[in-house]
Amino acid sequence: MTAIPESMARPRSRFWRKLRANPSAILGGLLVAFFVLVALAAPLLPVPGPAETDWLAVRKPPSAAHLFGTDEIGRDVLSRMIWGAQASLLAGVVSVLIAVVLGVPLGVISGYRRGWTDAAISRFTEALLAAPFLILAIALAAFLGPSLRNAMIAIGLAAMPVFIRIARAQTMSVMTEDYVESARAIGLRHLPLITRYILPNIFPPILVQATLTIATAIIAEASLSFLGLGQQPPAPSWGSMLNTAKNFLEQAPWMAMWPGIGIFLVVLGFNLLGDGLRDALDPRDI
Amino acid sequence: MLTFLARRILIAIPTIVLISIFVFGMQKLLPGDPVLVMAGEERNPEVIEFLREKYRLNDPIPVQYATWVGNAVQGDLGISLRTQQPVLDLIAEKLPVTIQLAVMALIIALTIGIPAGVLSAYKKGTWVDWLANIVALSGLSIPNFWLGIMLILLVSVNLGWLPASGYRPLADDFWLSLKTMLMPAFVLGTALAATLMRHTRSAMLGVLQSDYVRTARAKGMSENKVLVKHALRNALVPIVTVTTLLFGELLAGAVLTEQIFTIPGFGKLIVDAVFNRDYAVVQGIVLCTGVAFIAMNILADAAYRILNPRMNE
């Protein structure tokens, strides 16, 4: 049997091969997988509950009993890190889902219909883009009230314009392709044309953007919780842990160390994975 | 150029109107009667009556909006319920602090980001490029408020070199002011440097492959001259645009940085306003940043045209 030439390999297998050959993408994938596993397995892991206080072990440095040390009211920092991973990942994924579910249809309609609709949606997008991500999220959290749910809504709305823009640009370029032209020529209706021909073809760049936006959203959630506008205590979140830790820097520096390392690693994971996906999905260099 | 600017400003008008509708609409998100919330805990009947009159809350919503916008256009963004100062005065008072932080951060970002990006593109594929990319990616992934906390721990708590917090106006004591602001500016600047480095690198990679760079090398020009006079000068066009657009990131970063280092600027103003339920201040800040952002966008477009005369044809 002769090997199939590179250019004839199916796009999907080419994608996997390129992704697997990229060490930083693999590192990113492993980091993401690790945190997802930890977050899912949180109830099964042999650690004290995240809200269990031990007044005999207040602000104790890392030891065999408490691997990551304890916080200002004797809670196990490792346990709060593990449960905090749930809040971070949930916030990252849910807010990006909100942004994708609202943003992509708007972008597709905008690029598909052009004209008036496009102008209106574009102005709307610009107006949303005009408020910096965090300022918009802070303002929304202020008016909606501080909670993890509202932080996710605020981050999702703030992240939406990017997806409108990408979906719009991609739709416009796909619309000029021959297969879309011919599908229209044989009289396919709008909805089947969009779901069968346009959506599958604009999916790759949206997947890349979504992966990278999860990274931004996790930082945004941590920032909001750090400011006291996200996850409310005593529920654990890396951002709010840092907020408390700031007051005990001299006595208990480990309290500030772990949440930061956690955020850094999970965000790095999504960034590496997103960059890797972009390279693997790029049709230009095979 | 003038027609271009006029057209850009005309296009910006509907966007600004939409922003004002968003900002106005925010107060409608408040649960319950907004006046009762805005009047604070005392619920002084006089204050409530004053607010109802002022915002015309007994009128239909479009009339309320028109009144609000009418006031805003004349510079009346309402009054802070906490300090009883006009919101615009409050913003104007805090702005210089944040501008000092932003300018110092931008200088740090440019001095790190651009040379790193140029070097990384020039040494593409070598360990220098690899290292620069890792550092930039880490810069993008480290939450800058955590970096701030760690620096306080290292530089202020352990080494005692720089103050951990506070602010001194430039006019009071120039050097002390710069010294107090150095650490916050570094924290904010490094985050921007990462973005800037990545954009510089990709712009330089494009330019380094162009014919005129090859020609410059072929005629025996020194590498330094080729890099700076031919390559970087052309790569600067997209870099300038990106720098202008970093404004949003700069402001958002300033909110967190000011919170960590207790700097009494714009960012601390909005966070304090949120906690004090000082809604007029929150609305005023969002409206001002929105308009400023659009102005920056227009400036970026204008700069792009000035640097790239071919666009005018």
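Each residue, glycine too, has its Cβ placed from N, Cα and C.
It should be emphasised that the depicted structure is a prediction, and the values quoted were computed from it without experimental measurement.
Positions annotated as transmembrane segment by TrEMBL: B:9-30, B:97-118, B:130-154, B:174-196, B:235-261, B:281-304. The domain 'ABC transmembrane type-1' annotation in TrEMBL covers B:95-300.
At the 8 Å Cβ threshold, with sequence separation of at least 6, the transmembrane segment (B:9-30) comes into contact with the transmembrane segment (B:281-304) through 3 or more pairs.
Counting Cβ pairs closer than 8 Å to the transmembrane segment (B:174-196), the top stretch among B:97-118, B:130-154, B:235-261 is B:97-118.
Sequence-remote contacts of a segment are chain residues at least 6 beyond its ends whose Cβ falls under 8 Å from one of its Cβ atoms, and for the transmembrane segment (B:97-118) they are 132, 135-136, 167, 169-170, 177-178, 181-182, 184-186, 188-201, 203-204, 227, 231-232, 235, 239, 243, 246, 250-251, 253-254, 257-258, 263-267. Counting only same-chain residues 6+ beyond the ends of the transmembrane segment (B:130-154), those with a CB under 8 A from a CB of the stretch are 116-117, 119-120, 164-165, 183-184, 186-188, 190-191, 193-195, 197-198, 201, 253, 256-257, 259-261.
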